[in-house]
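Single-structure report; data block below.
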Amino acid sequence: MTTSTGTTTGTGTARAAEGSLLRSDWTEAEARALYDLPFPELMFRAQSVHRRHFDPTTVETATLLSIKTGGCAEDCGYCSQSAHHETGLKATKLMGVEEVLSQAQKAKDGGATRFCMGAAWRSPKDRDLDAVCAMISGVKAMGLEACVTLGMLTPDQVTRLGAAGLDYYNHNIDTSPAFYPEIVTTRTMDDRLDTLASVRAGGIRLCTGGIVGMGESVDDRIAMLLVLATLDPHPESVPINMWNEIEGTPVMGKADKPDPIAFVRLIALARLLMPQSIVRLSAGRDAMSDEMQALCFLAGANSIFTGDVLLTTANPERDKDAALFARLGIRAAAPAATEMRSAAE
């Protein structure tokens, strides 16, 4: 098929780019062909697909709180919270339920519609899960969506989280299968996928994405998205993180961050591969210009974290985000992700 710009694409790639179907059988060649499109064509296709499924003037706002910081047994090379690295981060115990709910109320007052809680564990202990479930129930009672990231889960733990009312479980795949052993050695990609399968089987929505700028190749970045886009069904939420440089981590000094245009291409590809997923412009926004973020929204990103801290790294202040939204004519989404669907969907 030849587009109006003279670009030739495969039939399956063109159909998906037109937003006519959801696919979980993407190939590497198809994804690469989309990524390599002339930038104006790529942006046009991504925005066109985005408009078929979402209100293009609406962006979800979420707040992320570290409820248990540091001391993690995993050796993720990008993470300040690993006990294997000397990053100067002091480990803390699990926060109390009331303290967490107080922070959730502040997040709601600041305009957040989803409250995400992260604990630096390889996997949670059952005794700690009691407190986390109480946090989830309290967050839900405020009218916020609840999301947690706790590490690997057993099916029984998934059931307990679901009973507490959990909306989303975050469990990032980090990077491509090929590059994964370069970043993490204490777990495998299959371990991550097994937990995602358990969460899906338990009826909880998936929030799973990855990190770029850790020294991986463009092919690795595309392969990471392909892992997500070949899940059936697709994850409901896909966070894309730009790695924040953290002294003391093994990745420090090896990072090779994509330039702004390359990063925007990745956002556009995520939108084309997973048309109905929320695509979150996640960590790393603090170093992005307003213009770069605007291009990401145009490419199909429709979620951000608000608040000046993401777990242990910086994030733009709420006032700065509000000013950017005002300049772009963007408004915050309603609490439920389904409210973001366009009237035509």
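Cβ from N, Cα, C; glycine included.
From the candidate list ARG45, ARG280, ARG285, the residue Swiss-Prot records in the [2Fe-2S] cluster site shared with CYS116, CYS147, CYS207 is ARG280. Around the Cβ of CYS72 ([4Fe-4S] cluster binding site), the number of neighbouring Cβ atoms within 10 Å comes to 22. Apart from the site residues CYS116, CYS147, CYS207, ARG280, the chain places the Cβ of ALA62, LEU64, ARG114, THR149, TYR168, ASN170, SER237, PRO239, SER303 no farther than 8 Å from the centroid of the site's Cβ atoms, the recorded [2Fe-2S] cluster location. CYS116 ([2Fe-2S] cluster binding site) sits 18 Å from CYS79 ([4Fe-4S] cluster binding site), taking the CA atoms of both as reference points. When the binding-site residues CYS72, CYS76, CYS79 are ranked by how far their Cα is from the Cα of ARG280 ([2Fe-2S] cluster binding site), CYS79 comes first.
Within the same chain, the residues at least 6 positions away from CYS147 ([2Fe-2S] cluster binding site) whose Cβ sits under 8 Å from its Cβ are ALA62, ARG114, PHE115, CYS116, MET117, LEU166, ASP167, TYR168, TYR169, ASN170, CYS207, listed in sequence order. Around the Cβ of CYS76 ([4Fe-4S] cluster binding site), a 10 Å sphere holds 23 further Cβ atoms from the protein chains shown. There are 28 other CB atoms within 10 A of the CB of CYS116 ([2Fe-2S] cluster binding site), with all protein chains counted.
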